Structures are given as structure tokens and as C-alpha cells.
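Below is one structure; the comments refer to it alone.
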Amino acid sequence: MVDQESLVSFSSETSQSINSDIDIESQQQPRQYIPSNEKDGNKERLHLTRTETVKSLQEMGMTQDAPIPDVNAPQTTTKNAIFPEEYTMETPTGLVPVATLQSLGRTSTAISKSRTRQIERSVSRRSQNIAASSNSSNKEELEDEEEVSSDMSNQQPELDPEIEFVTFVTGDPTNPHNWPLWIRWAYTVILSCLVICVAYGSACITGGLFTVQEQYHVGLEAAILSCSLMVIGFSLGPLIWSPVSDLYGRRLAYFISMGLYTIFNIPCALSPNLGGLLVCRFLCGVFSSSGLCLVGGSIADMFPSETRGRAIAFFAFAPYTGPIIGPLVNGFVSVCTRRMDLIFWINMAFAGVMWIIVAFIPETYAPVILKWRAAKLRKETGNPKIMTEQEAQGVSVNEMMKACLIRPLYFAVTEPVLDLTCFYVCLIYSLLYAFFFAFPVVFGELYGYKDNLIGLMFIPILIGATMALATTFYCENEYLKLVKKRKPTPEDRLFGAMIGAPFAAAALWILGATSYKHIIWVGPASSGLAFGYGMVLIYYSLNNYIIDCYVQYASSALATKVFLRSAGGAAFPLFTNQMYHKLGLQWASWLLAFISTAMILLPFGFYYYGKTLRHKLSKKDYSIDTIEGY
């Protein structure tokens, strides 16, 4: 019969076996590589002189508790990483052995701390149950003990202690964070132009919908599908390009996707029927979506978290200004030439230029850069156990599906705070596309303007968005000041949305109130100024709010946002024209104004009560509030 003392002793021993691994290594000097006379071709193998020790890692601030992975950490591997700092830290040697991490107290990738505690509690519970039950049989008790022992043995660390994880070395020129500031900002501008190119492509046809009607002899609603289907493609493309980026890098994802996008503009221009055009436009959306789903990550790759806010603010300007250029440019193209194909040739030229330019941007994704470094070191040293943690774990299709598909859907049905935030982003994005079809009714039918002059009416939106860009820098400075005073909360990110929300609602009230023939065109056109200003501020602020609320699963939360935003952007154009004709110019605008006015409460309500709502309505708190030392 197994008594209580033996099980308690068993619990203690198993607990020690998990957390043991050895404080001997921490007392040793950095491990030496034995020089080798082997030659690889005409080159002697590289002899690395040292690797990091527990002491050196502790001096760099590493502790037993693994921090939360970076926002850009790979999503194609399991989540229980023992070295999540690998992709953001620099070490003097560039190599951190698994044995050293285990000596530091890090558990293996195969077992999480929570699982360890769960097993220990299970052992303790069984001990108490056996002490309380005098009628238990010996056989049952032995089975319990064997079950726990088996559970523990199955969860032993699986990583080879001789594996050495590669990191950037101190001051590493291949680390994007160490590139000259002007280079990083130049790449930020180029990548933002890539986003503008993609967003422009979605709305390029709105400046000449009548050319689609004339070309294929279809109605306006059928012609509008050429815009909506590309936006739907935006929502599905990230399912392809996010895993490609994780596995092979952002540069390759951009090169392949933008190349396909450029090529598929050719059948758009030459399609003999509407069906062919719609299929190709959808595929253009799928291929070009890499620009929308990866550029934010590329910019984050180049800037530390403390300084990336301004660069991300600049990026937030791009997806909302790109569509505005579509009717602005192609209104003149369609009126002057009456050729639908020329609109797509221009779009192809724009995409082709960006394809070539982006091809010259070096890889920015740290996991892939380190993977290349590890391969080089394996070749030069002959040590096959130098690798990244992503390589050591291998690709997890299960985790990839969770990150790209299952978790975004799970968040959509279980996170009301995320749903409300995404709904507001979706509303603003949808209203932008609604303007593309409301302005032709207001300025075309009321004032008698042609598409070229209607396109000019979008300039105020562009001006308002530019003004908002300057305000985002102000918001970022205020946030940095706050961070120096106290620990930030996700709600601190809502300052920009609180400024922009009233402007977005006011724009629609102005549009409705000034849509009369006896009022000069400046009245309804000025609504775009307020809308552009509020639109960019709301998107910038809520995007950061989502990241801080779901920091550990930010990519999945943002995927939820992209899907809902694209769905709204695709749907609104399909009924905007009919809504303005059925309700009238005033009440159609005011209906949207009522909705936008009600949504003003969201950033203010979340600012004051967001933390309480997240705790009450969310299944789990994923925010920066739960991260110690953040």
C-alpha cells in the first residue's frame, strides 16, 4: 500500500526533476570550441570561441520567466517557446545553448510552466484524496501513481541540450534595428507607398465605372462588383501570405505576391466579358493583400517598440489615402479616353514599379535573418546543432491554422470588446468606400459634374488625412510621455480616436446639410476634410488599441479586424447608390451620421470603462495589463 509520505516524496522528486538542470553550468566559463584542422574547400572552418553562460545572460537582464513573444514572432511554431527574446536581443557571442537556458530555469518547448504546475497540483490532489479515502484499493492507488509518473515522464524536455540558438551579435549590422535611421525611414516610405499602390488598385475603377458599363453592357451594380470583389480578396489573402512570410521571409512574400498582382492586371484589361474581369479582380485582391497584411510587420521589424509608434502612424496614413487617388486620377482617364483597359494598364504600371522597387529592400524579418545566419554557421563550423528555436521546433501546421484561421474566428465570437472595436474600424473603412459612390450622386446628378471633376472632390479627404498624420505624431509623443510616468494600459491608446471620432460624424452631418443645388460645391466637398482627418486618427488609434489588448495574439486579433474591415468595404458600395436614390441625399447621409455619432461613445466609453469591460466580457485577459514589467 502506498502511503501519503511516499506520494509526497514522489511529488517532490518529480518537481525537482523538472526544475533541476543544473546550476553547474552557471559557474563555468564560456564553453570553448576545440580548434579543428578540417577544411571546407579552400577555407578552414570557423572556430567560435565562446557561447553565452547563465551569468552573461543574467547580466543582460534575462530571468527564469520567459517574456511574452514579440508581436512579430513566428506564428508557424508552438507557443511555448523557451527563448522568445531570440529575435529581438543581441548577445556578445551570438550563440545561446539550450543547456544554459535550462540552467537559467527555462522549461523546454515541450512543456510549459503552467503544465508543470498543473501536474504538481495533480500529484498533491491525489495525495490528499488517498489520505482521505481509507477504502481505496492498492491497485487503484498504484494505477494513480503510474498515471502521474507516466504523465510526468511524457512531459520531460525534448530539446537537445547541445543545441545552440543563434542571436544577433552586439551592434550587428544585419539587425534591422541597427540600420541607419534614414535608411529605415526610407524603407518605411517605400513600404507605405506599396500600401498606397494596393489600396489605389482597389478603387482605381471607381473613377470610370461607366466605362465598365459600356464595355460589357451591364448595369451599375454589376460594374461595382469589380471594386467589391478585390476588397473581398484582401480579407482572404492574409491566409496565404502570413504563413509564407513566417517561413520564407517578407521579401519573398512581397516579390511573389506583387509579381502575380502585376501580371493579373493584364487579363483585367483584356477580359472579353464581365465574369473574367471579376475573377481577375478577386485574384488581384488576394495577391496584393500582402501589402496590407505584412507592411505593418516590416516596419515593426526595423524599429524598437519604444520608437516604432511614429513609423506605424505614417503607415496608418497609407491604406486610407490610396483609395482616394483612384477616382482622382482615373476620373480624368475615363472622361478623356473612355477606355476601361487604360485604367488597368496604369494600375499595372504602378504595381510593376513598386514590384521592382520592393525587390531591392533587404529582408527585415529577424527569424528568417537568423535562420540564414544559423545555416551559414553550420556550414562554417561543421556544428549541425546551431539553429533558431523556430527550426528546433519545426513547423506546426496546427499552430499555423490556429493563428491564421481558427483563433481569429474564435476571437470574433468570444471577444465583444474586439468585435465592437473592429466594427468601428469596419464602419470607417466602409464609409470611405461609400464616399466613392455617394459623391457621383451628389456632384454628378445634383451639380452635373463629370467623373474628372467628381474626382477632384476627393482632394479635401486627402488634405484631411495629411493633417491627421501630423496629429498622430502629437498623439505618439503624448503616449511616450505617459509611459515614462506610469505603466501604460491599452486604453491609453484611445486618445487619437477620441479626437477623430467627432470629426468623422460631423463630416456626414455636413454632407447631408449641404447637399442642395443652391449651395456651392464647397459645402459638400468640405465634408471630406473632416472625414479624412477623423478617419486616419480613428484607424491609427484603434489599431494600436487592438495590439495592446491582445498583445500575445496580436496577429490573430488584427486578422479578425482585416476580415471584418474588408467585408464592410466590399458590402457598402453595393447598396450606397440605391440608398442615396431611395432616401434622398440628405437622409442617406444623415442615416450614416446617426450611426457615426453613436459610435463616438465607443472610444470615450472604452477609455473610462475599457478595463472593466474586458475583464467582464472577455474569456481571458490577453492585454499588456497582465505582463509584468511591460
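Every residue, even glycine, has its Cβ placed from backbone N, Cα and C.
Remember, predicted model here, so these are calculated numbers, not experimental data.
Pulled from Swiss-Prot, these are the features on record:
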COMPBIAS  1-35  compositional bias 'Polar residues'
COMPBIAS  37-46  compositional bias 'Basic and acidic residues'
COMPBIAS  125-137  compositional bias 'Low complexity'
CARBOHYD  N135  N-linked glycosylation site
REGION    1-46  region 'Disordered'
REGION    107-157  region 'Disordered'
TRANSMEM  190-210  transmembrane segment
TRANSMEM  222-242  transmembrane segment
TRANSMEM  252-272  transmembrane segment
TRANSMEM  282-302  transmembrane segment
TRANSMEM  312-332  transmembrane segment
TRANSMEM  342-362  transmembrane segment
TRANSMEM  423-443  transmembrane segment
TRANSMEM  453-473  transmembrane segment
TRANSMEM  494-514  transmembrane segment
TRANSMEM  519-539  transmembrane segment
TRANSMEM  553-575  transmembrane segment
TRANSMEM  587-607  transmembrane segment
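A Cβ distance under 8 Å defines the sequence-distant neighbours of the transmembrane segment (519-539), meaning residues of its chain 6+ beyond its ends; these are 316-317, 319-321, 324, 424-425, 428-429, 431-432, 435, 442-443, 447, 449, 457-469, 471-472, 475, 496-497, 499-508, 510-511, 513, 603. Beyond the ends of the transmembrane segment (494-514), by six or more residues, the same chain brings 424, 428, 431, 438, 442, 464, 468, 471-472, 475, 478-479, 523-524, 526-531, 533-538, 540-542, 545, 585-590, 592-593, 596-597, 599-600, 602-604, 606-607, 610 to within a C-beta distance below 8 angstroms of the stretch. Ranking 222-242, 252-272, 282-302, 312-332, 587-607 by CB pairs under 8 A with the transmembrane segment (190-210) puts 312-332 at the top. With respect to Cβ pairs under 8 Å, the transmembrane segment (312-332) is most closely packed against 282-302, considering the stretches 222-242, 282-302, 553-575, 587-607.
Through the fold, the transmembrane segment (587-607) approaches residues 417, 420-421, 424, 427, 431, 434, 438, 491, 494, 497-498, 501-502, 504-505, 508-509, 511-512, 515, 538, 541-542, 545, 579-580, 613 of its own chain, all at least 6 residues removed from its boundaries and within a Cβ separation under 8 Å.
For the transmembrane segment (423-443), the list of distant contacts is 203, 206, 209, 224, 227, 231, 320, 323-324, 326-327, 449, 451, 453-454, 457-458, 461, 497, 504, 508, 511, 515, 521, 524-525, 528, 531, 534-535, 538-539, 542-543, 561, 564-569, 571-573, 576-577, 580-581, 585, 588-589, 592, 595-596, 599, 602-603: same-chain residues at least six beyond its ends, Cβ to Cβ under 8 Å. Nonlocal intrachain contacts for the transmembrane segment (222-242), taken as residues 6+ away from its ends with a CB within less than 8 angstroms of a stretch CB, comprise 75, 201-203, 205-206, 209-210, 212-213, 216, 253, 257, 274, 277-278, 281-290, 292-294, 403-405, 433, 436-437, 555, 559, 562-563, 565-567, 569-571, 573-574, 577.
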